[in-house]
């Protein structure tokens with residue numbers, strides 16, 4: 001009876017500690033604890049379990065051992081049976097309520113009761129059920145041992161009952177300590193939920209790979225997740241869709257015609273800003289989707305992986321890039337005779353020696369700059385500006401053609417002077433007439 005009295009006292013103290021843990025776990029995130037205080041609900045049950053082991057099991061065991069060596073006289077056991085009967089009824093009702101609650105939660109998560117008790121995410125309810133079960137078992141043991149004392153008149157059975165109750169309390173305490181220890185150290189989420197999240201991430205076109213997947217339950221239904229590497233080509237396509245391909249191509253063409261490195265740098269920096277913003281938008285989208293797939297997920301931590309270094313393009317890829325650049329030059333009808341190929345590649349954002357391989361792109365034409373074609377009048381003007389000396393245009397006499405060629409040569413010489421090129425004598429290929 002003393003063992004059961006101690007058991008009941010420890011049980012009440014344990015329920016109070018569980019309540020304290022639940023209240024503290026409800027506190028929201030703070031600067032010192034950005035993920036909240038959800039793990040507090042594992043600290044207080046751990047303290048309770050230690051109390052059950054030391055006070056409940058320890059005191060009952062010591063009392064039982066003392067009774068074995070110093071037997072006491074047996075008195076009237078009527079009131080002892082009454083107390084045990086009332087306690088058994090109350091503890092059985094509490095146990096039934098705890099089991100029904102756990103069954104409902106296990107059903108919602110698609111688990112059996114036993115699986116939920118072992119791996120479920122509600123330590124407080126599980127602790128209540130285990131303690132109530134231990135109380136019912138202890139009361140049954142105490143009643144049986146008192147019955148043996150009543151029948152045999154030997155008080156040793158009372159001491160045996162105390163030792164048996166202490167063993168039950170010790171088993172429950174160790175189980176609770178081990179369970180709360182796992183939660184405090186860090187426990188991965190159930191494999192089914194982790195598999196759903198990993199499969200979702202691997203189906204995303206914008207991701208190249210999903211590596212180093214780690215999940216952890218921070219509390220009841222709070223998890224964290226994983227490292228990802230973005231697919232640069234797919235991300236670039238989405239950025240182009242957001243900015244507008246035609247708009248970007250026209251801006252690049254205009255910057256290339258101006259031959260101003262600062263303008264091109266500013267344009268590329270602006271596009272890089274859009275790309276970084278797109279990465280953040282994709283991460284936010286995937287985090288929200290993960291919270292929908294596994295409703296218990298509250299915190300999602302997707303870290304971008306640096307990925308593999310860029311490899312230089314193969315000769316075939318480099319040839320396709322050069323052909324694409326040459327095609328763009330021809331369609332733009334621009335004169336790049338005074339610019340070296342490396343500088344030209346920088347101007348049009350086409351670094352031939354270091355571009356990522358186009359083998360992952362469906363069509364190399366995606367890398368060309370598709371701007372509007374010149375009108376007929378502008379084409380004629382471009383043709384006149386680039387006509388060789390001595391060539392006759394529509395409605396021109398040979399003398400007019402010679403004058404036009406001389407004026408054009410003077411203009412080209414002025415442009416070469418502005419670029420730092422030497423301006424010397426040049427001769428027309430057909431007339432043999434030299435101009436200075």
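Each Cβ is built from the backbone N, Cα and C atoms, and glycine gets one as well.
Note: TrEMBL annotation is automatic and uncurated.
The shown structure was predicted, so the numbers you read here are calculated from the model rather than taken from an experiment.
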Out of 42-65, 186-209, let me know the one TrEMBL marks transmembrane segment. 42-65
Could you tell me which of the ranges 159-177, 216-234 is annotated in TrEMBL as transmembrane segment? 159-177
May I ask which of the stretches 42-65, 134-153, 159-177 has the most CB pairs under 8 A with the transmembrane segment (77-102)? 134-153
